[in-house]
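J.: After the structure tokens below, expect a handful of questions from me.
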Amino acid sequence: MLKRFQNIFNLLRFLTMEPIIFITMLNHTMKQIPTFQMLQDKLCIQRYNLSNDYCHNLPTMEIDPLQMKSIILVDVTQMKLYINIIYTILLIIVSIIIGPLIDQYPRAKRLLLIMVSIMTMGEMTILALNSFFYDISYYFIFISYLINGSCGGYLVSLTTIWSYISSVTPKMIRSLRMVFVELCIIISPPIATTISGNMLNLSTPFIGHELRNYTIIFIIGILGTFINLLISLFLVDEEIDRKCLRKYFPSNEIDEQENRNNETINQSDDIIKNIFKFQNISNMFRTFIRRRKHGIRLQMFLLIICTIIIMFSNFGPTIFTYQYTQKVFAWSSTNYSNYMTVSKVINIITTIILAPLFIKVFKLADLTLALIAIHLILIQNLILSVSSSIWTFYIALPFYSVNSLAIVGVRSYINYGNAQPFSVGTLGGRRGDGGGGLSRPIQPNDFDDSEDDRFGGGRRGGGGGGRHRLTIGQRRSERRRQEYDDSTSNRRSERRRSRLFRDRLRDRYN
């Protein structure tokens, strides 16, 4: 027991990635409400030349004397759609470049974290200046998203952190550290939503001439990003972390990983050339579309399409939900943020409770869990489409709380088995972790030959105790794989016997 507590204490000393991901997700969520509320207010004042009082009371206005509320909300929703399209395209392009870069040049992880921190500080600074100098055009808000999207934003941070943790952390504590990262990811959005929504709607702005408290929220984001920059500059060092963790958690596995990293570094001297290497893109598509045995390529296509549909159903409504609540319920940013905080907390609680219940107690497989969550999402959308009552909005909340199980189930099936640490970068570039709009593209080395067995046969079900729960197709694939292994073993035995026979003949005649 004492040794276990000592190991936990030693692990906490090296948790440098967890504060970075917590602050990254905090900033990413915290800026959403004030950014689009500022866009809405500026549209109201600058495009339609309406008074400050009218624009300030627009969200909670039940009786609209000028009949302009619907027009303004539609314009804001369209601009949010354009922003999300541009942002998603940039993330796709960056993910194609960054995924192979992380695998081929491990030292780039620290440089990427520094780059994302600097670019995010620039994004937050532009937003703060846009709110402080209130007469600046609302089109400058697009520039902030271009800056964030051009460096990959939170997607690059997530991909880099997963790869970094897999690289430096021994296998014996890797799962524990992954849990810490997941906790940071799921805890930060409710905190950020509560802070931004309630602070934005304070009666007295910190800066008198602005309509709401945008600037102070963006300043908090700048300070948080500056902390990330300091951590990346002075605390993140892959070689030192690996040596220290090897000291406190000795393992042969981490020595092998260090050798892999050294070999990869020696093969990647020209990093700039590797960044813009067209072969990475061609390898990506060849890896994805190449023929595979047991119908695995079709499974991959269907699962990727399923992932995209789930992403659309989860993140599509977020484009118009804030404006929808203003139009139908006359909600302020405080009401909306409180509702979203409650929904996220319920989502966390239900995921923590239901996932082990379905997997450990009911012995459900990953795809079965995903199908249950998808049907509940369908019920939620049906409830919301039937009525626009506020009670309907709350009734649909429990069904929304399980939406994360859908993507987790599909992604768990795709990534079944432990990914090799040196391919986590390409895995992260393809996965849509917390993404919006589109799932990320398949990266090269994402599915190697060893993963054919992962899809086709020997796939473990959700139950514990090592018991296999295989479908008919999986049992057939398992049988074919066993036959292939047996035939391979027989051919090897025949080759050994032939070599022995030739050696005996050579010895006899010599």
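Glycine is no exception: its Cβ is also placed from the backbone N, Cα and C atoms.
TrEMBL feature annotations, pasted as is:
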COMPBIAS  480-492  compositional bias 'Basic and acidic residues'
COMPBIAS  500-510  compositional bias 'Basic and acidic residues'
REGION    432-510  region 'Disordered'
TRANSMEM  12-30  transmembrane segment
TRANSMEM  81-102  transmembrane segment
TRANSMEM  111-133  transmembrane segment
TRANSMEM  139-164  transmembrane segment
TRANSMEM  176-195  transmembrane segment
TRANSMEM  215-236  transmembrane segment
TRANSMEM  300-324  transmembrane segment
TRANSMEM  336-357  transmembrane segment
TRANSMEM  364-384  transmembrane segment
TRANSMEM  390-410  transmembrane segment
J.: Would you mind listing the long-range same-chain contacts of the transmembrane segment (390-410), meaning Cβ under 8 Å and 6+ residues beyond its ends?
T.: 303, 306-307, 310-311, 313-314, 325, 328-329, 339, 342-343, 346-347, 349-351, 354-355, 358, 366-374, 376-377, 379-380, 383-384, 432
J.: Between the stretches 12-30, 300-324, 336-357, which one has more Cβ pairs under 8 Å with the transmembrane segment (176-195) than any other?
T.: 12-30
J.: Work out, from DSSP, the number of helix, strand and coil residues along the compositional bias 'Basic and acidic residues' (500-510).
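T.: Counting residues per DSSP class in the compositional bias 'Basic and acidic residues' (500-510), I get 10 helix, 0 strand, 1 coil.
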J.: Against which stretches of its own chain does the transmembrane segment (12-30) lie, if we need a Cβ under 8 Å and a gap of at least six residues from its ends?
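T.: For the transmembrane segment (12-30), the nonlocal Cβ contacts are 113, 116, 120, 124, 153-154, 157-158, 161, 164-165, 177, 180-181, 184-185, 187-189, 191-193, 195-196, 217, 220-221, 224-225, 227-228, 231-232, 235-236, 241, 244-245, 434.
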J.: What residues in the same chain, six or more past the boundaries of the transmembrane segment (336-357), come closer than 8 Å to it by Cβ-Cβ distance?
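T.: Counting only partners 6 or more residues beyond its ends, the transmembrane segment (336-357) has Cβ contacts under 8 Å with 33, 186-187, 189-190, 193-194, 196-198, 200, 322, 325-326, 369, 393, 397-398, 400-405, 408.
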